[in-house]
Amino acid sequence: MFKIEIEESPISIEVSMEKQKIEQDHKASFKKIHYSLILFLFIEVFFYLLFSEPVTALLNNGNPLLPLPPDTVISRAARLVMIYHSLAVPFLVANTFWIMEYYPVREKWIPALKVLLIPGAFLVGINGLIFGYTRWRFFHELFYFGLFLVLLGGIVFIISAMPIPGKFPDPETNPSGLTLWGLNLEYFSIIILAVCIIVSTVMGALAALENFTGTIWGLGRPPEAFLPEAIIRVTHHDTVEAYIVSHLHIQLAQSTAMVLLVGYRTSKISGKIYKGVLLANPIGIITISYGAWVLNHYVIWVGAGILILCTIAMAAVGMINTSKDVMGEKYESASRFEKLKGLFRDPVKFTYYFLFLFGQVIVTITGISVGLRVDEVYRLHDNIFIEYSFNVGHWHVLSVLIATILMLKAIDFFEVHGLKRTIIGWLFFIGSVIAFTGANLYMLRLPNADTQLTLFITFTGVWFLLAGYIGGLYFISKQILQERNERKSAEMLLLGEPLVQERLNI
């Protein structure tokens with residue numbers, strides 16, 4: 001005999017809540033894109049580590065684990081240029097989607113952005129890597145096509161995010177302190193940054209075309225690749241060299257500004273402080289970009305100084321709000337020591353904001369310090385190799401720094417919690433402090449100084465960072481799989497299959 005029990009109200013409420021959750025998840029997030037680009041960049045970096053220290057030092061006495069093509073096939077400079085772009089462009093695209101995650105753009109342009117930016121990122125990353133190790137021309141053409149798609153995507157992004165006073169973005173959704181005469185200052189900063197990035201990109205593209213084809217200015221240069229750090233000591237540069245040096249100077253700084261924009265929303269900064277930050281932010285972006293375009297370090301430092309103040313304000317507010325979130329109602333009555341302990345209880349967010357501040361010391365202030373002494377100290381004959389080491393290492397530190405910040409953002413965004421969150425957070429903190437400190441000690445060493453200790457310190461920190469990246473990617477993957485299973489269960493619940501089994505007693 002069958003006995004059927006029907007409970008209409010609880011079922012209806014449960015189904016409604018699950019349906020609402022599914023619709024919100026579908027509408028609001030670029031989770032799959034974030035994860036795909038993180039995984040892709042991780043695979044690329046893992047491949048390049050087969051040719052680089054500290055992996056080669058540990059596993060093969062400093063020799064590459066895979067054979068390198070001889071210079072007769074492709075020069076070292078050309079290969080490194082392809083490697084840089086194969087990593088930088090997907091990272092730029094990843095940054096763009098993180099901005100879109102926190103700053104909604106016009107929905108009608110999102111399909112076009114996906115069609116242009118995602119294939120473009122993968123075309124550049126994959127084909128740049130293959131061409132860099134084979135010199136097969138077909139892959140170079142695909143690499144160029146990927147760059148073209150990303151450039152078009154950048155233009156479409158500007159159209160999709162262009163603020164209109166009182167109309168876009170919706171004034172009702174603006175946190176306090178975000179508008180001036182109806183203009184949304186957050187989106188104004190985004191547009192200014194996007195335009196500056198495109199200008200810097202076009203400068204690099206024009207220089208490359210002139211260098212290899214001679215069709216832009218007709219300078220008659222030999223079609224040979226070169227690294228900007230190798231020619232920066234030359235007193236006078238032609239247009240190609242000046243544009244390439246400028247391109248390297250500014251593109252990473254602009255990527256850092258993209259990460260900073262995400263930090264503004266993550267930190268929950270608002271009010272008069274935020275309004276001051278948002279008024280200063282575009283000025284800093286324009287100033288530092290212009291300084292790089294004309295190769296004037298003093299202008300660059302003014303822009304960097306403005307952005308330092310913006311970063312400090314954001315990170316300080318972010319740390320305070322992190323402690324508030326952890327402690328809840330106990331925060332107001334807590335002592336300063338207890339508030340600090342509250343901050344440390346979330347090492348992922350603590351390290352995230354700490355690196356924004358630490359970066360000012362190990363990158364910005366260090367760069368300004370070297371720049372002020374470049375003629376009197378670093379251009380001396382005894383310091384030739386030290387200057388070259390700094391020129392290479394300085395932007396390596398910045399690139400790893402902002403990649404680590406973005407990875408910490410991803411770990412928080414994908415809601416990795418519990419002991420695993422604590423372990424990953426402290427791995428990144430310890431690794432960053434050790435690696436970046438060691439790298440600066442190595443770059444700022446005296447002539448003929450022993451480098452063994454500073455390299456050991458740096459590589460020790462790098463191993464901690466690698467452990468953090470591997471662990472972070474693993475736990476993010478587990479979280480995504482868990483959410484996928486929960487989503488399937490919710491969809492089955494909507495179909496009623498589990499309900500029939502629960503309500504039907506045989």
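Just so it is clear, glycine is given a Cβ too, placed from its N, Cα and C backbone atoms.
Heads up, TrEMBL stuff is auto-annotated, nobody curated it.
Model, not experiment: these values are computed from the prediction.
As recorded in TrEMBL:
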- 33-51: transmembrane segment (TRANSMEM)
- 82-103: transmembrane segment (TRANSMEM)
- 115-136: transmembrane segment (TRANSMEM)
- 142-164: transmembrane segment (TRANSMEM)
- 185-209: transmembrane segment (TRANSMEM)
- 276-293: transmembrane segment (TRANSMEM)
- 299-320: transmembrane segment (TRANSMEM)
- 350-372: transmembrane segment (TRANSMEM)
- 392-411: transmembrane segment (TRANSMEM)
- 423-443: transmembrane segment (TRANSMEM)
- 455-476: transmembrane segment (TRANSMEM)
(request) With Cβ distances under 8 Å as the criterion, find the stretch in 115-136, 299-320, 350-372, 423-443 that has the most pairs with the transmembrane segment (276-293). (result) 299-320
(message) At a C-beta cut-off of under 8 Å, are there same-chain residues at least 6 beyond the transmembrane segment (455-476) that contact it? List them, or none.
(response) 35, 38-39, 42, 53-54, 57, 400, 404, 407-408, 410-411, 414, 416, 420-421, 423-424, 427-428, 430-439, 441-442
(message) If I count Cβ-Cβ pairs under 8 A between the transmembrane segment (185-209) and each of 33-51, 82-103, 423-443, which range comes out on top?
(response) 82-103
